[in-house]
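**Student:** Got these off Swiss-Prot a minute ago, pasting:
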TRANSMEM  9-29  transmembrane segment
DOMAIN    97-307  domain 'ABC transmembrane type-1'
TRANSMEM  101-121  transmembrane segment
TRANSMEM  134-154  transmembrane segment
TRANSMEM  179-199  transmembrane segment
TRANSMEM  238-258  transmembrane segment
TRANSMEM  288-308  transmembrane segment
Amino acid sequence: MFKYILKRLGLAVVAMFIVMSIVFFLVNATGNVPLSATSARDIAAVQAQLQEFGFNDPIIVRYFRYWAKLFSFQADALGIYYANPNQTIGEIVFARVPNTLYVVLISFLIGSLLGIFLGMVSGLNRGKFLDAAINVLVVLFVSIPSFVVGLGLLKLAGFLNLPPRFINFDDAFFSFDRFLLASIIPILSLVFYSSAAFTYRIRNEVVEVMNQDYIKTAKSKGLGMFAVARYHIFRNSIIPSIPLFVFGISGAFSGGFIIESLFGVQGVSRILIDSVQVNETNMVMFNILFIQGIPLLASVFIEFIYVLVDPRIRIANSSNVSLLTKLKFLSSRHQWLMKWNKINSDNAQNIVFNSPLHHQLLELNAIDYKTKTVQLTTEQKTALNISATANFILLGNKCLKLKTIHG
């Protein structure tokens, strides 16, 4: 299991590296710079700063310089925030992380729990009115974009006298009661989509599980529908749906881009959008690392949970050939091919298996299969009519080294 988790973690790191590399080249391909000038004096200063920050260097040079600095693990490893070099990127981003995590994680938690509940209810009532009603809602919430739902909820907020704007943690007039009221609309905007995805998946899994023989056996033993659903249907429906949690978290972060702009949430997504427009490369890269890193780490954690609850993965993983074994096999095969490439009609003699010559070699105890050699004296080679130029003996599908010994 440990090897399996390490493998998934390694794949996550590779995926993150590829994503960040693509983003780096896309952002720098725009040609924008994060510095601007309003006078002739400013132009000279800006040009000097561009030279200092390395913007005049080729993009490939800046790319390798970025990774070298990132892996230096120094205080400024994340790079410079060009708009305000006195403030570090970490300070700016982490000041807004609580707002993003609050909206995203709370909406994901509520959406997943609501989706699991509605999926169970819909699946257990397959073909009934309740199932049809839930399916209609699922189709609506999947089809309608989150920003359209958000605009509709803004109208609803005005009708219910709810705050239309989100109250951030660092607001000057922050109060807990107003904060909770202002959180309802942004969170609901993300809840509907995530709950719809969970509902659809869980409902299909429940329908499939209910057709299994062990469910019919449980019912025939006299178990009620609630007990069957609790002990048999729920667990066997959740296990195949575990990977959906990864997509749910990623979807919540993706939806957060629009929700933060729509409801005034001072989060990480707002920084990313602003930074892309002015080519704040270091800020963009760190935001991508943060926004994509959490779903990737969540995917590794969920893979770990998946291995614990589903023994089939452990069995499949234990039956796989390890990378070290594959490398050993390739190395031995390469050596075998190199040996056969050295063999030709001039330096090898073919001996048929179970032939008289083969039996004579056995009687002389000349064949050593362990060391893959045939050891003969010069007189024995002459008596057996073995060529004096032969260095190898081909016996069946084996290639044995011919050695001359002094008897």
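Glycine is no exception: its Cβ is also placed from the backbone N, Cα and C atoms.
Map the listed features onto the structure and describe their local environment.
**Tutor:** Counting residues 6+ beyond its ends, the transmembrane segment (9-29) has Cβ neighbours under 8 Å at 59, 62-63, 66, 276, 279, 281, 284-285, 288-289, 292-293, 296-297, 299-300 in the same chain.
Residues 118, 121-122, 164, 185-186, 188-190, 192-193, 195-197, 199-200, 203, 255, 258-259, 262-263 of the same chain, all 6+ positions outside the transmembrane segment (134-154), place their C-beta atoms under 8 angstroms from a C-beta of that stretch.
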**Student:** In the same chain, who gets a Cβ under 8 Å from the transmembrane segment (288-308) while lying at least 6 residues past its ends?
**Tutor:** 1, 4-5, 8-9, 12, 15-16, 19-20, 23, 93, 97, 239, 242-243, 245-246, 249-250, 253, 268-269, 272, 314, 317
**Student:** Would you mind listing the long-range same-chain contacts of the transmembrane segment (101-121), meaning Cβ under 8 Å and 6+ residues beyond its ends?
**Tutor:** 130, 134, 138, 166, 169, 183, 186-203, 205-206, 229, 233-234, 237-238, 245, 248-249, 252-253, 256, 259-260, 265, 267
